[in-house]
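Annotated in TrEMBL:
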| type | residues | note |
| --- | --- | --- |
| ACT_SITE | ASP46 | active site, charge relay system |
| ACT_SITE | HIS80 | active site, charge relay system |
| ACT_SITE | SER234 | active site, charge relay system |
| DOMAIN | 37-282 | domain 'Peptidase S8/S53' |
| REGION | 53-80 | region 'Disordered' |
| REGION | 316-335 | region 'Disordered' |
| TRANSMEM | 339-359 | transmembrane segment |
Amino acid sequence: MAVSLPTNPAYADTIRDKQEWYLRSVNALQAHSITTGAGVTVAVIDTGTYPHPDLRNNLLKGDDESSARAGDGQTDRQGHGTRMAALIAGHGRGSSGIQGLAPAAKILPIRVAEKAETKNSEVVARGVDFAIQNGASVINISMGGGPDFDLDDAIGRAIEHNIVVVASVGNTPRDFLINYPAANDGVVAVGATGRDGKHASVSVKDAKVQLCAPGVDIISAVPKDGYSLGTGTSDSTAIVSGAAALVRAKFPELSAKDVINRLTATADDIGAPGRDSECGFGRLNVFKALTADVPPLEAATPSAAPSAAATTTVAAPAATTPSAQAEAEPEPASSSTPLVLGVLAGLVVAGGLVAMLVIRRRRNF
């Protein structure tokens with residue numbers, strides 16, 4: 001949800017003041033003394049990105065997957081994608097205009113929909129593949145919906161290519177379950193905080209939420225040369241994508257998993273102690289993500305739990321305890337009864353799998 005603001009140049013002088021609260025909330029201004037994201041490309045898969053004066057110097061030629069006509073991704077009729085891109089890599093105009101989390105990073109605009117609410121998962125999947133093929137090291141997806149095989153596969157390919165994928169968990173009351181691709185393994189699932197620094201009521205709660213960032217009354221750039229205030233997990237997702245770009249710039253040798261680990265291990269725990277369904281591991285603190293002593297994950301570590309050895313002011317989340325069922329069990333004695341039960345169980349599982357596949361195949365999201 002966004003509310004348009006004046007477009008006159010004089011209004012741009014007040015924008016930085018309106019940004020200050022959320023930039024300070026995640027310690028972005030301190031982070032910029034270390035890096036501004038130079039050398040990192042962030043793909044914004046959205047409604048396109050308009051070449052706004054606060055952004056155009058960081059805007060690459062991208063792609064338009066939303067129609068049969070060729071395009072460079074720099075058309076945005078709704079303004080949603082432009083808002084996200086500016087939050088990530090807006091460079092402003094001197095001391096005025098929008099300053100993104102990574103103001104020296106590049107934006108690869110990938111247009112997949114006319115409106116963020118009407119996207120198609122197969123088109124989004126093609127956008128992900130374009131990002132993979134064109135040098136993105138971070139992918140921002142501030143949209144979502146139901147699961148889809150094509151999108152699942154594309155997200156998997158991005159993760160295999162060492163790309164940090166960041167996606168929004170969804171907004172209430174429209175959404176009551178976490179969106180895909182935020183729910184996919186290996187994706188940074190982002191919720192929102194308000195001006196009070198706590199979980200925002202607009203942000204969907206789920207056990208898969210990993211991180212929160214400001215998402216209420218967020219000012220950003222929109223076509224044509226204007227600004228708007230927005231609220232939702234789209235904005236918080238873009239802020240986390242900008243933070244990921246800063247970490248990639250500061251630590252270019254890190255794997256995508258280690259970048260995510262830095263973001264989550266250094267988050268400020270704002271809810272119940274440890275990981276929770278509101279903000280996961282906590283609220284983004286990008287300065288700590290750039291400065292804390294966070295040991296790299298072991299090569300065999302499967303995914304997104306933060307390193308327990310991270311040296312920060314926040315207690316590190318506990319390591320996941322393997323299921324007791326993972327321990328070796330004695331081999332059962334030979335009997336026909338287990339065989340019959342096994343066959344019956346197999347039939348039940350197979351039937352459930354077919355049902356799951358039918359339900360899971362949702363194209364529009």
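The backbone N, Cα and C atoms fix where each Cβ goes, and this holds for glycine too.
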By the DSSP assignment reduced to helix, strand and coil, which category contains HIS80 (active site, charge relay system)?
helix
Check the domain 'Peptidase S8/S53' (37-282) for me and report the mean pLDDT.
96
Tertiary neighbours of SER234 (active site, charge relay system) (same chain, Cβ under 8 Å, six or more apart):
HIS80, ARG83, MET84, ALA116, SER142, MET143, SER168, ASN171, GLY215
Residues with Cβ closer than 8 Å to the Cβ of ASP46 (active site, charge relay system), same chain and 6+ apart in sequence?
ASP76, HIS80, GLY81, MET84, ALA85, PRO109, ILE110, ARG111, VAL112, ALA113, ALA116, ASN140, ILE141, SER142, MET143
Which three-state DSSP class does ASP46 (active site, charge relay system) fall into?
strand
By a simple count, how many Cβ atoms lie within 10 Å of the Cβ of HIS80 (active site, charge relay system), its own Cβ left out?
27
